[in-house]
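Visitor: Here it is, the structure in full.
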Amino acid sequence: MTSETGFDPKLYDRFPTREPRPEGELEELERIWHAPTGWARLTVVNNNFIGTWYVGAAFLFFILAGVLALVMRTQLALPLQGILPQETYNQFFTMHGTVMMFLFAVPAVEALGVLLLPQMLAARDLPFPRLSAYAFWAYLVGGLSFFCSLFFGLAPDGGWFMYPPLTSIAYSPGINADFWLLGIGFIEISAIAGAIEIVVGVLRTRAPGMTLDKMPIFAWAMLVFAVMIIIGFPSIILGTLLLELERALNWPFFDPTRGGDALLWQHLFWFFGHPEVYIIFLPAAGLVSMMVAALARTPLVGYQLIVLALLATGFISFGVWSHHMFVTGMPTLSVSFFSAASMAVSVPAGIQVFSWIATVAVGKPRNNTPTLFLLGGLVTFVIGGLTGVMVALVPFDWQAHDSYFIVAHLHYVLIGGMVFPLFAAFYYWAPMMSRRALSERLGKWVFWLMFAGMQVAFLPMHLTGLMGMPRRVYTYLPGRDWEVTNMISTIGAYMIGLGVLLFVIDLARNFRFTAGDEAGNVYGGGTLEWLPTGLYSTRSIPVVKSREPLWDDPKLSDDVEAGRYFLPNSATGHRETLITSPIRAEPEYLQIMPGPSAWPLFAAIFTAGFFLLLTVQAYNPSIASGVLAVLCVLRWLWETDRPVAKAHADVGAGIILPTYATGPRTHGWWAMTVLLVVIGMIFVMAVFSYLYLYGVHPSFWTSPPDAPWLLPIIGGHAAAAGFALLARRLLARERTTLWTPATLVLIAAGFALFAFAIDWWSWRATGLTGATSGQGATVHAFLALQGILTAIVALMALYLAARNARGIVTRPRNNSMDLTVMFIAYTAAQGTLAALLTRLFPGAI
Amino acid sequence: MRAWLLLLGGLIVWAVHFFGLYIVASVFLTTDTARMLALLVTLACLIADAMLLAAAMRANRAADDGTRRWIASLAALGAAISLVAVIWQGLPALLV
Ligand code: HEM
């Protein structure tokens, strides 16, 4: 056998250990992982709690958005109804679509990741528990406030994709659109925080021996999902930022009369928006793959092909964004390329569907609720996939575009591909967190009502659409033959509503949260989440030898529970988990994890406050809230990154691992790298915007500041990066008293500030402002991005100086230091690239 | 890193090819120049895919344990599917 890290795989043979475990280990684990009670429960960070709350919150938003849908369907049941006036209807469909996509679908799957992944990977928790808590609270507080805008008539009304010019200040003068832009921008921060957690969690906290080929499919799906968020979401973050800047400061990114372009928004939106559909679908598909194997009681057919399909979807889905723009008059050749990719992307979905069918055919499925939801979802999703291939054909799309055919298509895909699998998952995994399983009898009612309701509601919509009814209309005239199908659709919608109501009743009757005496493995799954657990997750962390360890080793549960594997105790007296290598999951070091804290909660509340107050234009309170949020984050970080008393610890069977690690193999380094990819993608999309606007409106371009200005700018950035790197080198030298490394980092921050100031000032000197033209707007967008990065650099440098003053910057290497240096180097690189691009292109070329 | 590059190689080639075509069509619109360039990009990517496929199959034969073999065979599948997908993706340059 080969090794990835130098760890000798033969050591695995020491497990399960034979010697009896000392008394009191379990009690200690319980004490360390104990969750606070009473009001302090809100400060809990254990993934069992946060995950369950997270799923619950997402489900709440599903119900809220569902209620909006029912009201809309009531309005459309008959022609010329007066339940919802036009303006309110616009707000309703916008909120319904937005809440379903951003506050239900993405968070729901992310929440399941937080809940299930540590269990499936047999980690004690995800690597950054406080980050999960922050992501959850930010999402809950922000989402609820966003939803409340509806009660004040302030809800956004431009549709879930918010196209300008409709959403520009000229046509949407109120603050409704700002609610969308700031609210969604904010929710994305939460999604990205979750994605970073998931990438690092899946790659670095798997149980020893869980090589890539033994990873549960759900972990693969979540990995691809998180990477897609990291690549895709920056585009919409930039888009919302630009549109908000256009609305607030009159910078014409999307105004063609001044060198902007409305289609730029569509590109930015759909570069995120189409992958978004797969971002929703992939984790659900991962859940299906897990459940279908367990429910059919046979290993998944075509594991490797499914992994390939997940990866392929991740790539190809970024090549299809323009298929939402077939009617915008792109070059014929471009349209054809996008059409080809759109057809190709259905192949991986097909692979998965066939594999599921094969698994069901090979196995022995029983007639139970999760199986029904799986099969129902499959049928529904395939119908949606077929209409999807229809609209991928450009001439057909010209006919169906913006009609009810599209509404039918998108609901088939979303409900079949995500909602039904999610309900299957609720039934399948509820016994993992609940004392009682959900009711099979009620469950079958829930399924049949929802499934039949789905077909009754949405099948006729295809016809309504082909008969010409446009989407997003609040009513229609009688005598167009649309009455019958609309009435049927409304009846179907109420059937779905009834099914969901029954489900809520089932939950209320049977779901009793617990982390200790759960109902257990009702459906006989073979993966690690079905090991017996407490708040500390599993008692010991098993060595994984196959894809379904519980099926292959019937004694595994007992051995794990008796502490015969890794970490049978708390090795250091703190919360901790094993960090393992990304490909072969070889143990590398022991990560010390932070416990409960109120700071992530406060940070989330103030972050939400910052965005909401900004929306209602209360600028000073908003800034105050923002500052408080930053302080809370710093406070929460303050306690982290500190070595513990024991530098090395026995993690079981005499295997000794370090308890503090630095450098490129640490989880912190990985998280920072992922964060920099996010920031880098925002930058790439800004570059795209710049080139795009030049491409469509070159006549608005004026000459940039003289080239010699580049010298001090690039010099400043180089000095910033250089001083930061030097500081990191010097840290390793003992006793550098005169120029402490922290001082060097402060100097580096000073240079970053200098370079930014010169950059900004030299542009101002040319008289070009953000409001002048598309060029002015994008140049100033680059400056704004650089300004934000520079401010963060300053903050990080000060934070590091404070840590240094307190003597908690470890030598010879320190993680806080490393991450600050990485960030400064990145900032310098981005600043240099932006300066070169805006000053040399197109002029010098 | 090498393992990941091998694993994702085929898909990365597909992505490079796709964005190459997108840039070509955006800059040169629906012209003969665009078609020629698209064919050149396609050809280059096909060669890259073929080389990847060969490398993955070699790695598969040389693998001395299950995980390595699994990664190599996934890489080979990825390169093979990329080969087909690149041809498919390039076809519009000839047909449209
Ligand atoms: C549960 C049953 C559901 C019903 C009865 C329903 C009904 C509707 C209705 C009536 C519209 C407005 C159509 C129009 O006026 O153009 C709509 C739009 C939409 N729905 Fe649903 N929906 C349901 C579930 C979902 C789910 C689960 C999702 C996503 C996960 C979703 C996502 C959307 C989106 C994205 C739109 C487009 C909004 C827009 O045009 O801006 N819906 N739905």
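Cβ atoms here come from the backbone N, Cα and C positions, even for glycine.
Model, not experiment: these values are computed from the prediction.
So TrEMBL lists these for the protein:
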{"type": "COMPBIAS", "residues": "A:10-23", "note": "compositional bias 'Basic and acidic residues'"}
{"type": "DOMAIN", "residues": "A:33-557", "note": "domain 'Cytochrome oxidase subunit I profile'"}
{"type": "REGION", "residues": "A:1-23", "note": "region 'Disordered'"}
{"type": "TRANSMEM", "residues": "A:136-155", "note": "transmembrane segment"}
{"type": "TRANSMEM", "residues": "A:217-243", "note": "transmembrane segment"}
{"type": "TRANSMEM", "residues": "A:277-296", "note": "transmembrane segment"}
{"type": "TRANSMEM", "residues": "A:303-321", "note": "transmembrane segment"}
{"type": "TRANSMEM", "residues": "A:333-360", "note": "transmembrane segment"}
{"type": "TRANSMEM", "residues": "A:372-394", "note": "transmembrane segment"}
{"type": "TRANSMEM", "residues": "A:406-430", "note": "transmembrane segment"}
{"type": "TRANSMEM", "residues": "A:442-464", "note": "transmembrane segment"}
{"type": "TRANSMEM", "residues": "A:484-505", "note": "transmembrane segment"}
{"type": "TRANSMEM", "residues": "A:598-616", "note": "transmembrane segment"}
{"type": "TRANSMEM", "residues": "A:707-726", "note": "transmembrane segment"}
{"type": "TRANSMEM", "residues": "A:738-761", "note": "transmembrane segment"}
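For each listed feature, how buried is it and what is near it?
Guide: Remark: secondary structure over the compositional bias 'Basic and acidic residues' (A:10-23) totals 5 helix, 0 strand, 9 coil, with classes taken from DSSP.
Below 8 angstroms of C-beta separation, residues 208-209, 542-543, 555, 559, 562-566, 568-569, 581-584, 586-588, 652-655 of the same chain, each at least six residues beyond the ends of the region 'Disordered' (A:1-23), sit close to that stretch.
Within the chain carrying the transmembrane segment (A:217-243), a Cβ under 8 angstroms from the stretch's Cβ atoms is held by residues 106, 109, 113, 116-117, 120-121, 162, 164, 167-168, 177, 181-182, 184-185, 188, 191-192, 194-196, 198-199, 202-203, 206, 251, 253-254, 265, 268-269, 271-273, 275-276, 278-279, 282-283, 285-287, 289-290, 300, 303, 306-307, 310-311, 313-314, 317-318, 674, 677-679, 681-682, 684-686, 689, 777, 781, 784, all 6 or more beyond its ends.
Beyond its flanks by at least six residues, the transmembrane segment (A:372-394) meets 288, 291-292, 295, 323, 326, 335-336, 339, 342-343, 346, 349-350, 353, 356-357, 360, 400-401, 405-406, 408-417, 419-421, 423-424, 427, 443-444, 447-448, 450-451, 454-455, 462 of its own chain at Cβ-Cβ distances under 8 Å.
For the transmembrane segment (A:406-430), same-chain residues at least 6 beyond its ends with a Cβ under 8 Å from one of its own Cβ atoms are 62, 100, 105, 108-109, 112, 115-116, 277, 280-281, 284-285, 287-288, 291, 294-295, 368-371, 373-374, 376-385, 387-388, 390-391, 400, 437-438, 443, 446-447, 450-451, 454, 457-459, 461-462, 464-465, 471, 503, 510-511, 519, 523, 525, 529.
Taking Cβ pairs closer than 8 Å, the transmembrane segment (A:598-616) reaches residues 42-43, 45, 130-131, 133-134, 136-138, 141-142, 145, 175, 178-179, 182-183, 185-186, 189, 622-623, 625-626, 628-629, 632-633, 635-636 in its own chain, all 6 or more past its ends.
Long-range neighbours of the transmembrane segment (A:707-726) within the same chain, counting only residues 6 or more positions beyond its ends whose Cβ lies under 8 Å from a Cβ of the stretch, are 744-745, 747-749, 751-752, 754-756, 758-759, 762, 793, 820-821, 824-825, 827-829, 831-832, 835-836, 839-840, 844.
Through the fold, the transmembrane segment (A:738-761) approaches residues 709, 712-717, 719-724, 726-728, 730-731, 783, 786-787, 790, 793-794, 796-798, 800-801, 803-805, 809, 817, 820-821, 824, 827-828, 831, 834-835 of its own chain, all at least 6 residues removed from its boundaries and within a Cβ separation under 8 Å.
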Visitor: Find the member of A:136-155, A:277-296, A:442-464, A:484-505 that has more C-beta pairs under 8 Å to the transmembrane segment (A:303-321) than any other listed stretch.
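Guide: Per the Cβ count, the answer is A:277-296.
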